[in-house]
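K.L.:
What follows is a structure written as structure tokens; I'll ask about it next.
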Amino acid sequence: MGSGASSCDNGPARHDVEIFWHQLEAPLDASDVTSVPNARAQIRELRSRVARMNQHVMAGEYTDVERKCITLESDVRVPMPKIVKKEEDPLARDLMHGLKRLGVDLNEFLDAQREKADDGKFTDTEFPPEASSLSESFDSPEVEAWKGLSWERLFEFYKLYGDNNEIRPTDVQQGSLGDCYLLSSLSCLAEHPDRIRSLFVLDEVPSGCIGVRLCLHGSWQTILVDDHAPYDEKTSEFAFAHPKRDSGAGVWPCIVEKAWAKVCGSYAAIAGGDAGNALEMLTGCYTQRYDTEDPATVWQAMTDAESQGFVMSATIYDQPGDLEASVGLVEMHAYTILGVHTIRAKGRVLKVLRIRNPWGRFEWNGDWSDKSSLWTDSLRSEVGWTNENDGIFFIDLQDFSKTFSAVHICCIRKDDVRTNSKPALFCVPGPQPKRHEIKDVLLPSRRACFQLTVPQSGAYTVGVHQRERRAINPSGNPEEGAADSDFAAVRVWLVSHDDAASTIESSAFTIAKDVYIPSASLKEGSYYVFVVGGGIPVGSELSFTLSVNGPGDTQIEAMHTGAHANQPTHENWKTVSDIMTANYRARTLREGKVSTLMEFDQPEMKMYTWASALDGIVCMLYTNKSDRKLVESVDFKLRNLTIVRTSGSISTRFGTAADLTVEPGAEVLIIMEQHDPSEAYSYSFSRGFSIE
């Protein structure tokens with residue numbers, strides 16, 4: 001069996017990085033962007049600087065250059081030939097590596113600039129302004145109506161951001177595409193404009209080429225798009241996300257919507273989705289879902305979230321009857337929670353929420369709606385109420401819990417630096433080796449281990465992310481979004497680097513696209529992160545990304561590199577197996593069931609048994625604090641379990657029996673592992689022993 005992950009390089013010395021930026025900090029001259037000879041001269045100058053940098057910095061091992069990469073890319077945003085795309089060119093390779101650490105592919109950006117049409121504007125040939133980018137099929141009535149749409153350039157009508165360079169939640173207006181889950185999430189983030197600005201690589205895009213940063217499968221990637229968008233000539237408006245006419249709003253929501261459509265293959269492919277997943281994609285941060293059936297719990301979660309500056313979204317799922325006709329709201333729709341308020345009215349303390357519909361219309365019409373007689377002048381002033389048809393409304397907690405189905409809270413902290421990530425792989429080859437023939441190692445087929453370096457104490461979120469199906473094989477069919485059943489069961493846990501027996505934090509074993517330790521309080525130092533996957537069929541692979549988000553710029557290093565199934569004992573994995581064994585031993589001592597040989601006057605001879613269905617592990621630990629020796633033979637009846645590791649004076653026979661000796665002061669450990677994680681396991685054993 002094998003498991004694989006890319007390694008994490010060490011960075012150059014500090015003085016090397018300073019030399020590098022001393023050579024590159026002077027901006028390139030972009031005054032004459034139409035001159036091809038001038039562009040070529042700029043290329044030569046850039047390559048000369050990279051060559052000088054290459055003398056001082058080890059190839060491909062930058063650590064401190066990320067913040068400068070945007071400046072470098074801005075310097076070369078003029079139309080010019082691509083630098084070099086050949087992997088064997090060390091200058092290009094070094095420069096590319098530094099930029100990719102930020103999620104920006106300079107070659108791709110320069111390719112995009114080079115593909116400008118004769119009018120000097122960039123057209124994305126990978127996601128062209130054609131019917132294929134709208135949908136793969138036009139069979140459904142909703143998509144058929146798009147056949148008459150044309151394409152227009154957004155920047156010919158609007159700016160990226162609004163008048164006075166402003167970003168406002170009301171900039172988000174939904175069109176005829178059912179992606180309210182995305183747009184309501186954008187509206188949430190727009191309460192903090194810098195969070196929106198961080199999604200864009202460049203703020204000014206005269207060429208019509210713009211990069212949007214999305215966190216896909218736990219890793220930040222830059223998606224390049226042009227500014228073409230579907231246009232409805234009947235309404236004289238852009239068909240999907242669009243600014244409200246004469247509002248002075250920008251088109252940043254339209255650009256993010258297009259980038260997500262490009263990732264998934266078409267606009268139709270992003271119809272329907274989950275607001276929690278959208279928030280994670282836009283922030284790289286853990287998002288928690290709360291059902292509204294328990295009003296007290298969801299209110300506490302919302303008030304805590306608001307106090308920490310988290311963003312919130314609310315969703316209405318399918319409901320009986322005509323919800324719009326009865327209360328003015330829309331089912332199968334996502335809304336933005338703008339705030340929560342505790343007010344006093346007529347001697348009662350009430351809890352109300354301020355909510356926005358991304359459509360900019362269709363508001364709640366019950367108690368505390370715009371036309372409600374419950375409002376007083378003082379209450380209006382207290383909560384910032386205005387009587388406008390802008391999609392913003394108030395609703396009390398009881399009505400909210402009856403009408404809305406779920407709340408998503410995105411735990412984006414003010415002091416978070418960013419999300420660092422590391423791709424990895426579970427590989428379960430076939431045929432399986434005979435487990436009893438492999439000695440002294442836990443097989444890596446369903447496990448991965450990483451070393452995490454934390455530079456600053458604080459609260460960190462650790463996540464494991466599997467790939468969403470519609471972003472792998474886009475079909476344009478909104479019914480083909482991923483369900484939980486499409487993913488393997490995953491568990492992640494943190495172990496102290498100095499004390500492998502100590503588990504610091506752990507997630508549940510969960511079948512989901514994203515599995516998190518939401519808030520681990522970590523001190524500066526090193527840790528081990530273990531990921532265990534279950535339900536992975538023999539002969540298949542599971543790719544995933546480990547992410548860590550928090551106040552410090554963490555470093556993640558894979559502890560193994562995918563040993564072949566019949567070679568699982570290479571040095572790195574042996575180390576990992578030792579760490580996991582120490583952890584399992586400690587849990588067996590702490591949580592296991594204890595039996596003694598009291599009836600033989602040996603209370604200090606003990607056997608601990610511990611089983612974890614989450615880990616698929618059964619442990620037996622013998623301890624002996626007496627002055628005599630225990631000699632024992634054990635016969636097992638195992639279903640879907642095999643002995644994978646032992647320690648101490650023990651020998652196994654055919655994987656179903658063991659002969660062991662426990663000297664005074666010694667221990668013997670037996671670890672059994674679930675063979676097929678998708679099937680139940682059971683075990684029993686009989687003992688024959690003598691005390692000498």
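Backbone N, Cα and C atoms are what each Cβ position is placed from, and that goes for glycine too.
Where the annotation comes from TrEMBL, it is an automatic prediction and has not been curated.
Under the heading active site, TrEMBL lists Cys180, His333, Asn357. Residues or ranges marked as domain 'Calpain catalytic' by TrEMBL: 121-413.
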K.L.:
For the domain 'Calpain catalytic' (121-413), what is the mean per-residue pLDDT, to the nearest integer?
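P.N.:
Its mean pLDDT is 88.
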K.L.:
Near His333 (active site), which residues of its chain come within a Cβ-Cβ distance under 8 Å, counting only those 6 or more away in sequence?
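P.N.:
Spatial neighbours, sequence-distant, of His333 (active site): Cys180, Thr315, Ile316, Asn357.
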K.L.:
Please report the three-state DSSP label of Cys180 (active site).
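P.N.:
SS state of Cys180 (active site) = helix.
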K.L.:
Test of understanding: give the count of other CB atoms lying within 10 angstroms of the CB of Cys180 (active site).
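P.N.:
Cys180 (active site) is surrounded by 27 other Cβ atoms within 10 Å.
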K.L.:
Three-state secondary structure of Asn357 (active site) from DSSP?
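P.N.:
Looking at the DSSP assignment, Asn357 (active site) belongs to neither helix nor strand, so coil.
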